[in-house]
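Peer 1: Mind having a look at this structure? Questions to follow.
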There are 2 protein chains.
Amino acid sequence: MADIEVDYCVVGAGFAGLTAALRLKQAGQSVALVEARDRIGGRTSTEVREDGSWIDRGGAWIGPGQDRIYALMDEFGVKSYKQYTDGEAMMVVDGKQYRYKGTIPLTMSPWAAANLGAVFVELGEMCKTIPLDAPWEAKKAAKWDSISLAKWLGDNTLSTPAHDLLETAIAGCYTSAASEVSMLFVLYQMASGGGPSFVLGVKDAAEDARPVGGMGAVYRPMAAEIGDALHLSQPVRDIAQDGDGVTVRSADLAVRARRAIVAVPLAIASQIVYEPLLPMDRSFLHQRMPSGAVMKIAVLYDEPFWRAAGLSGQSAAPDSPATITIDASTDTGRPGVLCVIVEGPIARKLGTLQEGERRKAVLAELTARFGNKAASPVDYIEQNWSIERYSGGGMLSHAPTGVLTQFGRALRKPCGRVHWAGTESSAVMCGWVDGAIRSGERAAREVTERDGVLSPARAQ
Amino acid sequence: MADIEVDYCVVGAGFAGLTAALRLKQAGQSVALVEARDRIGGRTSTEVREDGSWIDRGGAWIGPGQDRIYALMDEFGVKSYKQYTDGEAMMVVDGKQYRYKGTIPLTMSPWAAANLGAVFVELGEMCKTIPLDAPWEAKKAAKWDSISLAKWLGDNTLSTPAHDLLETAIAGCYTSAASEVSMLFVLYQMASGGGPSFVLGVKDAAEDARPVGGMGAVYRPMAAEIGDALHLSQPVRDIAQDGDGVTVRSADLAVRARRAIVAVPLAIASQIVYEPLLPMDRSFLHQRMPSGAVMKIAVLYDEPFWRAAGLSGQSAAPDSPATITIDASTDTGRPGVLCVIVEGPIARKLGTLQEGERRKAVLAELTARFGNKAASPVDYIEQNWSIERYSGGGMLSHAPTGVLTQFGRALRKPCGRVHWAGTESSAVMCGWVDGAIRSGERAAREVTERDGVLSPARAQ
């Protein structure tokens, strides 16, 4: 049993935990960063290939308003490049392909397009009424938290194609069925990113750009600066706190610190044993914010051949084994990468297939959508977040009905010497990497302020 | 590290686990029953007092249709006695007391009473459409699983007092706010007990009778027959399975068996580490069926003085620190016990008070309701299930919206050599002790049938 004594112990080396540890170290504090996996990055994971290109197996995109990840990239000299958005996107509804530009496929029936547009406007207006710091205090919080996204969409989207597209797109953000997610949570999460156009858009929105080198180009230098304070392959089993400090234990590591910052998804935080028990509402919150199902598949070609055909690579097809595609090529465009994202119920269904069957189904869809060249990729890389032990699923923990109004107040509130980070605890950009970074900086400020030590210099 | 080899390992010594272990032993199989707590009974817990009287700190009542607990009581010679229901029940709405008989307080405004009656009829009709074995296949499953109980009640109960009473009574069953619980789950759980009149009723319904001696009079002889196969104070940390069997480990016990039966609430099952990972939908289910908040307070008097005043002791007062009361005296009526049950949001609020303040608040309510004698109990015994580490809350795990339709199929389905019991996995009397017993008998049959050994003799 190794014993380490530090000022602060951070649990989880995703972006939230890495940021908290980094900011604390920069403020002159000693830290231990304890990670269950044998790698850093959490719900991001960048694979660097032999040719120097990279695949982001998890979170990958950044956009305007995400100032804290841009600041971090500046700090480490990581450049960004714009998402490829030239050419047309594609919707596939009932087997029929509709090409379009912008966020709303106006080439669909006027009725469907008008319906989609109206729902966007309505969602935007609803988002404006949500206080980001306290969504449970929104005027209609009780009403919206009593219904699921499925119910709201059913009542407000009368065109079937518009309904199905919106359901795929919005529920997909929570990697869940629309019936699983509280409408209040949807509005809160959308509002935390600036509204529906940001969440569901690409250009000038949530998928506007990417770090050159992928997310790994950002998290690797962070880890380098944290140095040997990082302890991999140490799943934390229990956190005990007393009047003087906390003891964080894995099977073969015990860290004693003034305070702990737990920076993992809610469902993972629930698997840690806390001594004494956490306050009731935090324990209950841990039981109530599940992760969803998501599979991300990178299909590699010598070049992004779809571009020559006037296609952006972006497509959406509800209920298809390639529900969403997006051009995920590097800044050089070599290789050409089509990223297939499958979420919620279809991801669960697809996850039960044999790998060969799944590949066949996905490539058939891509071929129907992008032509014969799609049938012969040079590589095919799958990442099924649903079966990652230390994610518990993907992408962000969502709140079912009733949870935000009843337990939302516990999201950020420290429990004695145990503090909380993770993108779900961020009022701004909740669910994105940027939100994770914000939560790490907030938690670092929180612990140093409580202890009366200097606030981390770079955490404004 | 002790090592035990048995035919079957059962995790959790509540009624489900006790029953499974008992039936397996009776069928000639060797078992180990591993329990986290230093006591048996799970979400039931009977305190025997010096004078031989008893207090049921958890589940206590039985009713018609609950054949399996009656069979178990027969087996061990435990008699039952009828719940005291003479005299009038009381509703308190906006500070005004309404006395009544039967299930519906017809002394309230005719409009409220008619509204209550209509909702009961409607709920009963809806329950009839639910296939108990597969509620996700109900014709309107998708619709009802997209809204919470709060939404349905809001739309269908236009009288405010009727609404508030129903919300207290129904949401209370799930020890949650009405916004947290899926309407489909409400209907399923009600239907599993025979409909709303059973769930919400007392006489000839869910609180018709009690075992003489309390639930402990049933679970103690079960444990005696199980004998030294019972291992207390052994929180299970992980369950590993391979082609030949399972290994169930606590900190200082390792049990090797052909199969394991996990008989704990879903939120507790989620804290066990499974190797290999459970199938996706079962892992997700563990993240999605939380326990609720409930506090049970036994207030003891020399005699049940309310009876002489023509009161049954049964009362309901939404939002009161004594939300529900019921006469919980023993069969001799000495001492007189008023059982106060506080559920959901009020239980959480009450749980944050100091014990003295809480007692004061509760006794003030009882005094206003039952007169001055209520102010001076001879004893006052609190049980806060919300802070029980190995319950994770009370009373039954509920399903938020979307969960039954998406993940309900995983409720009973064995995961290789890991089988599931617990009242939540019972299609009949789901949520009651009787459902727990049924689930234990079903799991015992399941494992022996899979292994081709004789089915437990007494588990029909």
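Residue numbering: from 1, along the chain as shown.
Backbone N, Cα and C atoms are what each Cβ position is placed from, and that goes for glycine too.
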Peer 1: According to TrEMBL, A:E35, A:A36, A:E424 bind FAD; which one of A:V218, A:V236 is annotated to that same site?
Peer 2: A:V236
Peer 1: Cβ distance under 8 Å to A:A36 (FAD binding site), same chain, sequence separation 6 or more: which residues?
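Peer 2: Spatial neighbours, sequence-distant, of A:A36 (FAD binding site): A:G12, A:S233, A:Q234, A:P235, A:V236, A:S250, A:I268, A:R389, A:Y390.
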Peer 1: I'd like to know the mean pLDDT over the domain 'Amine oxidase' (A:15-447).
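Peer 2: Residues in the domain 'Amine oxidase' (A:15-447) carry a mean pLDDT of 96 in this prediction.
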Peer 1: Which residues in the same chain, at least 6 apart in sequence, have a Cβ under 8 Å from the Cβ of A:E424 (FAD binding site)?
Peer 2: A:P265, A:L266, A:M289, A:L396, A:S397, A:L411, A:C430, A:G431, A:G435, A:S439
Peer 1: Inside 10 Å of the Cβ of A:V236 (FAD binding site), count up the other Cβ atoms and send me the figure.
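Peer 2: Counting Cβ neighbours of A:V236 (FAD binding site) within 10 Å gives 25.
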Peer 1: Work out the three-state DSSP category of A:V236 (FAD binding site).
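Peer 2: Reduced to three states, the DSSP call for A:V236 (FAD binding site) is coil.
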Peer 1: Just how spread out is the FAD site if you go by the largest Cα to Cα distance in Å among A:E35, A:A36, A:V236, A:E424?
Peer 2: 20
